[in-house]
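> Right, I'll just put the structure down here and ask away after.
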C-alpha cells in the first residue's frame, strides 16, 4: 500500500514539475485538472486496516517431551544418529499451531471482570 502511494505521488510530482505552463497564473482548466487528479489520488491515501488476523484463531502450542531416565522400553521411533549427549537424546520439543477455541460465556466473563477492574481503579 505504501509503495503504491509513493509511486502515485512521484508520478503526480513529476507531472507537475514538467508541466508546460505559459504563465504563472492558474486558469479554470488547470484548476479542474488538479481537482480531478486529487479526487483520483485521495481514495488511495486512506489508511487501511491490518489484515494479519488469523481466521482460525490459531496460536503456537509448545509441548516438551522429557524421557530422561525412562527405562521402560527401547526407543525405536528415532533412527538418525544421536547427539552423543544422553540429556539431549532423550528430550524433544514440539511446536504446533493449534486452533484455540473459547466459549462465548467464558469470553463474556473475562470481559466483565476486566471492565469491573478498570471501573474500580478510578
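Every residue gets a Cβ built from N, Cα and C, even glycine.
Per Swiss-Prot, the features are:
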{"type": "BINDING", "residues": "54", "note": "(2R,3E)-phycocyanobilin 1 binding site"}
{"type": "BINDING", "residues": "68", "note": "(2R,3E)-phycocyanobilin 2 binding site"}
{"type": "BINDING", "residues": "70, 76, 77, 92", "note": "mesobiliverdin binding site"}
> Starting from each candidate's C-beta and looking 10 angstroms out, tell me which of the binding-site residues 70, 92 has the most other C-beta atoms.
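That would be 92, with the highest Cβ count within 10 Å.
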> Closest to the residue listed as '(2R,3E)-phycocyanobilin 2 binding site': which of the binding-site residues 76, 77, 92, going by Cα position?
92
> Between the binding-site residues 68, 76, where is the Cβ count within 10 Å the lowest?
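Relative to the other binding-site residues in 68, 76, 76 has the fewest Cβ atoms within 10 Å.
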> So if I draw a 10 Å sphere around the Cβ of residue 77 (mesobiliverdin binding site), how many other Cβ atoms end up inside it?
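A count of 5.
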> Between any two of 70, 76, 77, 92, the residues recorded as binding mesobiliverdin, what is the biggest Cα to Cα distance in Å?
15
